[in-house]
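Just below is one structure, and these are the notes that go with it.
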Amino acid sequence: MTQTSRNEDEMTTQTDFQPGSAPASEILLEATDIKKSFGGVHALKGASITMRRGEITALVGDNGAGKSTLVRCLSGIHRPDSGTIRLDGDVVHFSTPNEARKHGMETVQQNLALVEELAVWQNFFLGRELVHGPFRTLDRKNMKRKAADMLADLAVNAPPVASKVRRLSGGQRQAVAIARAAGWGSKIVIMDEPTAALGVQETAKVEQTIETLRDSGVSVLLISHNFDQVMRLANHVWVMRAGLAVAERRTAESSGDELVALITGAKAH
Amino acid sequence: MSTPTKTGPTRTKPADAPHGVVAPIIGQARQVSFWAEQAAPIGLVGLVIVFSILSPTFLTLGNIRAMLVAAAILIVLSVAQSFVITTGGIDLSISATMTVGAVGFGLAWQAGLGFVLSGLVAVASALVIGLINGLLIARGKVTDFIATLGTLSVATGLALIFSDGKPITVNSSELLTLTSGSIGIFGYPIILAVIIGALAWFVMFRTRFGLHVQAAGGSEESAVANGVNAPRVRIAVYLISAGLAGVAALLLVARVGAAEPAINTAFLLNCIAAVVLGGVSLTGGKARIVGPIIGALLLTALTNGLTLLGVSQFYQPLAVGLVVVLAALLTRFQKK
């Protein structure tokens, strides 16, 4: 199922592809000329990227190229010094992660933002609890059921919702964090190195979760150092170097070697 | 039929049904974590067995009634402390806050405000200390330990200054009813304490606020990332702690018959001890309400039993200390 839809994607991209000229309706997110400095350090010097609807867009680049800063600007953690972000064609300004969230942009943080002592379902709904009755008591039944449904839809390694996060494996934690981010009608889920700390099997499961997420219509922005993973998962890739997004490629028409050349600057763009 | 000790041995022979229930418990009992998780109830049952063998008066209705009434203040304070410790903090000023509440009640009573208004003054004056604690810790970013150590001294000083260091006698018929009235063997103080415990359980485990308390204690960073207002949660738990200390002040004035500017250090140490006995981790994130209540009952039974056995009062802090250190050691074996 996942495999066929991937092949379809690749086929359509091969026939339609023209670099940088996707139809406007396909562009979900457009960040233009984003600049951000910390003191004298110019982390972003006018980076521009686009994300297409329903795709996995990868962001690659060397350490210090500005990937994390760009993502933090998109998710409302940092405020860009200048530049515009358009979501669905409308200019948006996020000054907090909550504002980005309200616009349907969820971020799976590198530390996952899970509370280990709480159960999976409690983490799932933390900050957005469902309540019922005259005393606004927690609607535990409903929350457990919804969390279980969302996890089962998305993850092959879905943990029981009543177990504490402390008892989960790294891959299961990642699945919980991804499912939580996806579970609020989000348009875009941003993931920063989701498999960096995982073993081979767990990585495969998390990748499967990310694909399922994409197939359900959510657009994903993926930061990764793993070129194999980028080639496997992403439809589109942006390469960052020295605070700028220097190149974009369809993964179907690129290779790991080309990406390395772009990252190091051996190939300019 | 009436005593559980008799039914035990007779049942084991014919029973198939209880076997299914007993077997897993026996299985669990082989693990250290079982004993660590259930330290308070096991300790309480153990103490009751030992004291009822050593002293014929221990398990009489009169003594049980007296113990429950004596436990009420400690139960209220332990429940209060439990909220603070769940967030990873600690309220060292809790008993001094209770003293401020008691003196507040005494002064208001002396000024002729009547029982209800004086009670409100008691809670309100305690809440002031709680608000100071909360603001210092949540907004001023002062360590819980230092902030509440400071307000412990400030509150004790204020109580001494306002009362001029003298106890204020309170002859209130309402307080007399509160301390001596009862339903069956359950005096009004223990009934009040149990109602507060039930409300606290409800707030902790069935409301958004309670979940946020646990989340802020488990990982403040993650809680904040998910939209939990951690500073507000911290201010709230110190207000809860102080407010309940104000309620405990009423019970204290009722019991003593006067508002004394005493330091009440024993209540501070015992309520922290009860919370630790009850299985709450001092690092926060792990909430318990019933455990600390049982812990408070255990410490009260310990003091009561030693008194009945004619053990000198000097040995009581020693015994409490040993129990607490033992409980703290046991918590190391709790399931993660």
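Cβ from N, Cα, C; glycine included.
Below 8 angstroms of C-beta separation, residues 277-279, 291-292, 294-295, 297-298, 301-302, 304-305, 308-309, 323, 327, 330-331 of the same chain, each at least six residues beyond the ends of the transmembrane segment (B:39-58), sit close to that stretch. Annotated transmembrane segment per TrEMBL: B:39-58 (among others), in sequence order.
Annotation source TrEMBL lists transmembrane segment at B:64-85 (among others).
The transmembrane segment annotation in TrEMBL covers B:115-138 (among others).
As annotated by TrEMBL, transmembrane segment applies to B:145-163 (among others). Same-chain neighbours of the transmembrane segment (B:145-163): 90-97, 99-100, 102-104, 106-107, 129, 132-133, 136-137, 259-261, 263, 268, counting only residues six or more beyond its ends whose CB sits under 8 Å from a CB of the stretch.
Per TrEMBL, transmembrane segment is recorded for B:183-204 (among others). Nonlocal intrachain contacts for the transmembrane segment (B:183-204), taken as residues 6+ away from its ends with a CB within less than 8 angstroms of a stretch CB, comprise 61, 64-65, 68-69, 71-73, 75-76, 79, 82-83, 86, 177, 210, 213-214, 244, 247, 251, 254-255, 287, 289-290, 293.
Taken from TrEMBL, the feature transmembrane segment covers B:235-256 (among others).
The transmembrane segment annotation in TrEMBL covers B:262-282 (among others).
Per TrEMBL, the feature transmembrane segment maps to B:289-308 (among others). Within its own chain, the transmembrane segment (B:289-308) has Cβ neighbours under 8 Å at 40-41, 43-44, 47-48, 50-51, 54-55, 57-58, 63, 66-67, 70-71, 74-75, 77-79, 81-82, 193-194, 197, 200-201, 204-205, 270-271, 273-280, 315-316, 319-320, 323, 327, counting only residues six or more beyond its boundaries.
Annotation comment: TrEMBL describes B:314-333 (among others) as transmembrane segment.
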